[in-house]
């Protein structure tokens, strides 16, 4: 029962950081601001979003890969070029919402796969009189929640693309489709469009994102796509200028996110968070101010380089068209980018400020609903005074001062919004900490209970009444203050945890607590915490642990094994020092991994059936063919994909079939042979070599631990020490299997090439399943190796798992306080990933302990 309790509690804790640090940015019940009364500088705006284009590719080597755009930059006299800074996660959906709605995505959208809007939000499309959009369905669908009125105003034309990973199709054909549709519209409705105002044309260009995933940025095929797209954008500009000759068209070229050299995005790398922008046309100021940076166009030509946040694009586009700022926008207008009168700049900035004040007042009203609000701290707001000052300066026609006041008002409103968004942050943080501590105390009680003689412990009724009294106080506060249910829930969780601990406690923590064991637990946990911030540190920790174990148990028993094991440990310690395997391809290393997989099956002292070997060798030969075909961009044969899928099904079925006539060792070797062979199909470089060496090293370590168990199996302190050691081994090898091939601390992306043997078109659900299969194979092998070879692990499973939970929770408590919602986007994204990983790891390891025992058919006690 305590296992179920543990899993449920960690699932609850998983959501705590989103309540503590992150809340939905969409404030409901707002009223839109009116459109600007002055004549806007632009009647229409053309928005080009080159999906996946990073700033480095745009500015590379004096902009050599964008020759047509370079000439356009030199030609127009009012163009602004610079870098837009995005937020984590650097994905298409959050990036487009930031550009078009001015808000950074609600984290709860993750649970819907970034496909649906958990809460509807306002956009520049909704504020425009009409919007025409072309592109991928996945992106346009975000903004296509249409009412009957919207159906006439928002005209979207999309394709449901199937992204081809084989490399045989030209990725720029996706952009070609968009350009052709725009040409047809302008040819068909040019006269009608002449009289329309406040119109947006949105061109979503997916080709570069596809090329980056398939071919990687910097490759010849990526550059080929970039050359085509930038020329197409230039031709689109010329077409619009020929159709609309009034000089009242504004143009914005930017990207939703960047991309790493590995062809991935989602995390906070500089290449992912820095995207280019080029803004020109009606209403754009040529030289807003002296930029601190420059970029080079030619040998002797330097232009100023400007910077802005991605969310600022929405209020800027609104100002160019004279429409109201979207209701849910958090961006601030860069008014210096406007080439308009000072009065117009003031009016646009004031409209933006009022929109932010509306959101601030919405949060304030929610807070003031509580009956205790009058007695609680308040944000020291001078917003009313600022509003009066701005209106006074506008009445006096002092628009420069009114503009300055509007900018100050925007900042004050944003600070107030942040204040009330995080109003209950510290109480929630303390409550979650109390939950962690209470559960750790419960685990310690369970652990000590296994060591002490069974005797009833009288639970003090005073302790129970104290906890219930505190719970009643917290519940009363939540009701009186009318707190949201989710906030009330997390404030009350520690009351339940502590009450459960007090009523279920069977051993005295005060009398039996071993300080040395606690310090050992903390030291191990802190060592693993540090590896999340420095991936290479796990190499040193793994090497020191491995050498200590070998010196301690084997150095004087078998020198040959000691030298061989030491060599293996040193080689393994090198892998976390290598570049992450995500996006890194090396066919030579991959072929080496396949060869070692086959070689190991011939060397191990375990009879692997002829049928298994035949199937595996056929599948691996087919994998080699797929690798070669993909590297030469020939595409993958359908029969090769069928063979790969058939092998996946065969491995799963074979692992589930558990013949009882063979020993545990033989069952384990069969699992290793089949699963490592399947793992080879998902590899792109050195991963297969690493996993084979890691499992070999783990098996030798477990064999050594069996000797230690025989020496001290009857000693209760020795059992507990060994339980901690096994728990540490499980979590160390688990994280080492992740960090050895990549940086799991920033879960965000994957290389689509890992599924090339199975799939060549984009299917998110299937791809995610295959990615998960690749991730869980090492975990299953680690747990199976331990429980198949260690009698101690089987007979002391409960103690080991309790120690494992304690390690994970100490680490999780560290990461709870290290979560950041301010600072660089890299820090924010990584801090979230760290905490999520620890909570998920706890649940996953619990699952795989029982899964490995089931697959090996290990009874509750030692079979020997």
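One is the number of the first residue shown, and numbering goes on along the chain from there.
Positions of Cβ are set from backbone N, Cα and C atoms, glycine also.
As written in TrEMBL, here are the features:
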{"type": "TRANSMEM", "residues": "7-24", "note": "transmembrane segment"}
{"type": "DOMAIN", "residues": "415-824", "note": "domain 'GPI ethanolamine phosphate transferase 1 C-terminal'"}
{"type": "TRANSMEM", "residues": "426-448", "note": "transmembrane segment"}
{"type": "TRANSMEM", "residues": "468-501", "note": "transmembrane segment"}
{"type": "TRANSMEM", "residues": "560-578", "note": "transmembrane segment"}
{"type": "TRANSMEM", "residues": "584-603", "note": "transmembrane segment"}
{"type": "TRANSMEM", "residues": "637-657", "note": "transmembrane segment"}
{"type": "TRANSMEM", "residues": "678-702", "note": "transmembrane segment"}
{"type": "TRANSMEM", "residues": "722-741", "note": "transmembrane segment"}
{"type": "TRANSMEM", "residues": "776-794", "note": "transmembrane segment"}
{"type": "TRANSMEM", "residues": "801-819", "note": "transmembrane segment"}
{"type": "TRANSMEM", "residues": "831-851", "note": "transmembrane segment"}
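Touching of the transmembrane segment (584-603) and the transmembrane segment (678-702) is concluded from the presence of at least three CB pairs under 8 A, sequence neighbours closer than 6 excluded. Sequence-distant residue pairs (6 or more apart) of the transmembrane segment (678-702) and the transmembrane segment (468-501) include fewer than 3 whose Cβ atoms are under 8 Å, leaving the two stretches without contact. Taking Cβ pairs closer than 8 Å, the transmembrane segment (801-819) reaches residues 3, 6, 13, 16-17, 20-21, 429, 432-433, 436-437, 439-440, 443-444, 446-447, 521-522, 524-526, 528-529, 532, 723-724, 726-728, 730-731, 831-832, 834-835, 838-839, 841-842, 845-846, 849 in its own chain, all 6 or more past its ends. Outside the transmembrane segment (831-851), and at least 6 residues removed from its termini, the chain residues within Cβ reach (under 8 Å) are 3, 6-7, 10-11, 13-14, 17, 88, 532, 730-731, 734, 744-748, 776, 779-780, 783, 787, 797, 801, 804-805, 808-809, 811-812, 815-816, 818-820. Per-residue pLDDT, averaged across the domain 'GPI ethanolamine phosphate transferase 1 C-terminal' (415-824), gives 81.
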